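Notes follow once the structure below has been shown.
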Amino acid sequence: MARRHGWQLPAHTFQVVAITVFFLLTVAYYAFFAPFLGNKLYEYIAIGVYSFLAFSVLVLYIRCTGIDPADPGIFVKADNTPAHKSQNSNYVPENASAIDGGPYIRHGSGCCSAIGRFICGCLVIQDCRRDTQQEQSNEQEEALFCSLCNAEVRMFSKHCRSCGKCVDGFDHHCRWLNNCVGQKNYISFVCLMAASFFWLIAEFGVGVTVFVRCFVDQKAMEHLITEKLGLGFSRPPFAAVVVVCTTLSLLALIPLGELFFFHMILIRKGITTYEYVVALRAQTEPLGTSVDELDQTSQYPSPASSAVTATSARSSLGLSIQYRGASLCTPPNIFVDQQDDVIQHLEPGPVRSTIDPDSLSQKKPPQRQQVRINPWKLAKLDSKEASKAAAKARASSSVLLPVSSRQNPYKTSSNVSGRSSPGRGKPADSESCSLSSPGLTRDHFNPMYMSSPANESPLNEEESRNAVVAARRNLPSSDESSVVWDPEAGRFVSLSRIPGTDVGGPLGNECLNTITSTGTDRSRRARGNPLTGYFQQVRSQRGDQLPVFMPTDSQLHRHLSTRFH
């Protein structure tokens, strides 16, 4: 389930720590820091400045955590609400009902309720961006489809697995806020960092001043401690509390300052944290193996690389079939069950006898190196390279797909599809494969690439017969073997193995004519065809075995004579 905002349970541990430290330092400042400056004027100024900074931090933190940074397209489909109302948590659909089934009635207490809703609305309303309308018009032309959210999102959105939704203008997921930082709350996030930075500076500065006065003006500090805190507190415990709170503020100030200046450089370069991380990973990590290299180096059998399905050569009809790694049809799933059970120690290369082979299979794959925020590396990074790396990462994402891929989820860049199925509206297509590959057209004689739809026009039938006649003229002499496609057996059959089926003979011509006939003509001719009984006999003898092509006696004799001469 997608998270609406950072206040939604469960709360992150870092979020609880951040809230606890904020209230701890605030209480420590008003109780142990400001009253011990030794001057009423300094005390009032310090309390006034600190109160403004602390209140700003509190409001901005509530705002950054409460804003929903999600892409406006992911909740429109789920709630059936308008886009401008989907971001408002107070909007209730017309058909909404209460728990008891009755109509939902909103109760309020008049002016107080209206003021409360106004304050909450001001806290959770998204940031105003001058370039929002221009970016929306550009992103609508290049929208993406999120397969996890099942919705169309904008071009620069990214799916956050921690929040379970796509974030508009994703920058990063902040664990201290328990919320994502995106286009809708990025300005508030930068203001929160600035306010927190100066708030911690004020805390640290006043804490150092009070700690120094504990040793410089001991009598005055002891008098103030007794006056403000009572007799139960002495100077050493007071100094210890001041040191702890001052050190805590310093430990929070250093990483926060680094993060603040890091985002200042990001704004200067015009990139996001996500683009920075992707660019550094592209520089440090080695490039992944391409799909072609995986196919070449794979030594384990699979349906795409087995010797039966990856048949590629020159047919005996003299027609060259050129394709890369494409199987003629999808084979049985005989290797898929064992494809994941690969023993890693059987890979090429020697294995030392002192190493247990079974322990090698238990090794975990290497994890990605965590990219740390570094303003110095960011200053040296080229913004154009970072944008290109982010665009490449979005293009290779398996979650965010182009909108066109939603209409055809099995569409790939290759012309060969591994998921081919017969068309529902064409009965004759069930006996042929609708597989296409480079260099293959309908003019080829191979019946695998020639479909004979039932509603084919007479002109197309005549053209196909002419193609068959033209192919016959290019056939070799009758003493060589010829092969025809048996649609019922699902394989090629040699005509030279059957008496009277030489090319040019009555049975051979009948076989070639049978290939170009439609479904009804094919079944009618097959009843009177002497080859039908032979095909059925071969299939009964073959059983469930895969087809095997055996050389004829003439081919074997010619091959032996060529080797010895």
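Our numbering is plain: 1 for the first residue shown, then up by one each step along the chain.
In case you wondered, yes, glycine gets a Cβ from its N, Cα and C as well.
Source: prediction; values computed, not measured.
A Cβ distance under 8 Å defines the sequence-distant neighbours of the transmembrane segment (16-36), meaning residues of its chain 6+ beyond its ends; these are 43, 46-47, 50, 54, 57-58, 61, 176, 203, 206-207, 210, 213, 221, 224-225, 228, 238, 241-242, 245, 248-249, 252. The annotation transmembrane segment is assigned in Swiss-Prot to 16-36 (among others) on the grounds of sequence analysis.
Residues or ranges marked as transmembrane segment in Swiss-Prot: 42-62 (among others). Through the fold, the transmembrane segment (42-62) approaches residues 18, 22, 26, 29-30, 33-35, 123, 177, 188, 191-192, 195-196, 198-199, 202-203, 206 of its own chain, all at least 6 residues removed from its boundaries and within a Cβ separation under 8 Å.
According to Swiss-Prot, the domain 'DHHC' annotation covers 144-194, on the basis of sequence analysis.
Positions annotated as active site, S-palmitoyl cysteine intermediate by Swiss-Prot, on the basis of similarity to another entry: Cys174. Under the three-state DSSP scheme, Cys174 (active site, S-palmitoyl cysteine intermediate) falls in the strand class.
Here Swiss-Prot flags 192-212 (among others) as transmembrane segment.
Tertiary neighbourhood of the transmembrane segment (247-267): same-chain residues 21, 24-25, 190, 193-194, 196-197, 200-201, 203-204, 207, 273, 276, 373-375, 378-379, selected by CB-CB distance under 8 Å and a gap of 6+ residues from either end. Summarising the annotation, Swiss-Prot assigns transmembrane segment to 247-267 (among others).
Annotated region 'Disordered' per Swiss-Prot: 348-375 (among others), in sequence order.
Residues annotated as compositional bias 'Polar residues' in Swiss-Prot: 359-372 (among others).
Under the heading region 'Disordered', Swiss-Prot lists 393-468 (among others).
Under the heading compositional bias 'Polar residues', Swiss-Prot lists 404-420 (among others).
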Counted with DSSP (H/G/I as helix, E/B as strand, rest coil), the domain 'DHHC' (144-194) has 9 helix, 18 strand, 24 coil
Residues outside the transmembrane segment (192-212) whose C-beta sits under 8 Å from one of its C-beta atoms, at least 6 past its ends, are 25, 29, 32-34, 36-37, 46, 49-50, 53-54, 56-57, 60-61, 63-64, 239, 242-243, 245-246, 249-250, 252-253, 256-257, 259-260, 263
Counting across all protein chains, other CB atoms within 10 angstroms of the CB of Cys174 (active site, S-palmitoyl cysteine intermediate) number 23
